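**Student:** Here it is, the structure in full.
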Amino acid sequence: MSRYTGPSWKVSRRLGISLSGTGKELARRPYKPGQHGPNSRGKVSEYGMQLTEKQKLRHMYGMNERQFRTLFIKASKIKEGKHGVNFMVLLEQRLDNVVYRLGLATTRRQARQLVNHGHITVDGKRVDIPSYHVEVGQVIGVREKSQNISTIKEAVEATVGRPAFVSFDTEKLEGSFTRLPERDELYPEIDEALVVEYYNQKL
């Protein structure tokens, strides 16, 4: 399954989440496309809830199904901690996500484009793979010749706050994971146990 590249507001309304982070997609019509009102939803099965939760998380991180499933399997091999929490931490360690968390991009989609186009460095070396696994302490920066790109400068200026698990130098345009995130620092609206249940039936 390929990555969805259409309007994010359609996915936001279908899944009941704001992929833009602004909530504007849901403000006017907080119900699925095609419905005639907020009360027209039918009863959702247990499988339907599991599927919806999986789709929410996958779209939030902007991944295709193959990438998402592969990372889920990788998380299952971590011996310590809960599978669902380990999975969410691995999602946070993707390079495109770290670029977003540092405030170098306003959305994960924009962050992925910056990585794909070769504007991002890891420990001083250019890396153009969005799924690159970032370790604690690795320095994520912007290539010197890319530092005047307007979208990057605007994103940094617009960033009000950053998660406690990252540090960022606005002068150098570089930052890093200072530690791995705790579960309570990541999306309280997501029930990762439902995602685990979904894949346990599939794998």
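Each residue, glycine too, has its Cβ placed from N, Cα and C.
This is the feature table in Swiss-Prot:
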DOMAIN    93-156  domain 'S4 RNA-binding'
REGION    22-45  region 'Disordered'
**Student:** DSSP-wise, what's the residue breakdown of the domain 'S4 RNA-binding' (93-156) into helix, strand and coil?
**Tutor:** 26 helix, 11 strand, 27 coil
**Student:** Taking only the residues in the domain 'S4 RNA-binding' (93-156), give me the average pLDDT of this model.
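**Tutor:** When the pLDDT values over the domain 'S4 RNA-binding' (93-156) are averaged, the result is 98.
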